[in-house]
């Protein structure tokens, strides 16, 4: 009798162990065998739509110069909002820069995907990287005049700054005399006169931790509308343990295409801090927090989008680019330009007829 009880107890214990093992095995694991963290929300990064200094025929160093969107850029921003709406993403908090090309993109995108109580916050810390004395120059002409190699280094390097802007620069007053820079958390005298991407990351990092991270960690669906280099810097801050300076150099962020991340929060483990790396991924940034925000695989409904990944594959962000959407934008833009030209021709004909009366 006692023997049968012992066998029954052993069998029950075995079943319990098997059930526990099954439950554990159902948890998705990281490559090092540690269970994933807690999913906390969605973060969308959106580069502004095409500006008048982004067009291929006359592409210029823009930086802090406050230029508007083109007509195509406005369609890109609207399409970005509709892309998010089509995937049932409602933006609850949005952060953007002080520059009008980002602000206008935000307005047009939110028209389709804003939550009813969306919160909007603007900061100079999300401004584009300051291109210093290069601002306003045609990029192709600058490469011919100054040298292709040095201009490429100024554009793509992480740590090399451009020549600083001086008070005699033709764009000086339009930047440092603009009322948008009154009443900031720093004086106008302390605003940058030119920046490397690393310096851009250093002035952006405090805003990431004080404003964007609390929003994401609270579970609010959050969007950041900014610029090519400030978003590259932000990616470097976000994924500092997964992405190196060299990898960030190669990232090209398209205008008006939302980059969608489902994030989870994981504690930083001792082996994470001591793991060998070919390049220190934390160099130039502040002390690492005790958690990581790591992207998860795309949810159902995103299978139709193509993208490219940084490395390592499991841990780094995906850049989603809907090429069908881009083709649609091209055709819509051409049709809109043609319609605008026809409207202008009709208006001119009406005015000429009135003058003949």
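Cβ coordinates come from backbone N, Cα and C, glycine included.
Annotated active site, tele-phosphohistidine intermediate per TrEMBL: 48, in sequence order. For residue 48 (active site, tele-phosphohistidine intermediate), the Cβ neighbour count at a 10 Å cut-off comes to 31, with all displayed protein chains included.
If you take the C-beta of residue 128 (active site, proton donor/acceptor) and look for same-chain residues 6 or more apart in sequence within under 8 angstroms, you find 62, 63, 64, 97, 99, 226, 227, 228, 229, 230. Annotation source TrEMBL lists active site, proton donor/acceptor at 128.
Annotation comment: TrEMBL describes 47-54, 62-63, 101, 128-131, 139, 155-156 as substrate binding site.
Residues annotated as region 'Disordered' in TrEMBL: 273-296.
Here TrEMBL flags 1-23 as signal peptide.
Residues or ranges marked as site 'Transition state stabilizer' by TrEMBL: 227.
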Ordered by sequence, the long-range same-chain Cβ contacts of residue 50 (substrate binding site) under 8 Å (at least 6 apart) are 69, 70, 72, 73, 76, 255, 256
Other C-beta atoms within 10 angstroms of the C-beta of residue 227 (site 'Transition state stabilizer') total 27
Return the residue, from the listed binding-site residues 47, 139, with the maximum count of other C-beta atoms within 10 angstroms of its C-beta.
47
List every residue in the same chain as residue 53 (substrate binding site), at least 6 positions away in sequence, whose Cβ is under 8 Å from its Cβ.
59, 60, 61, 62, 65, 67
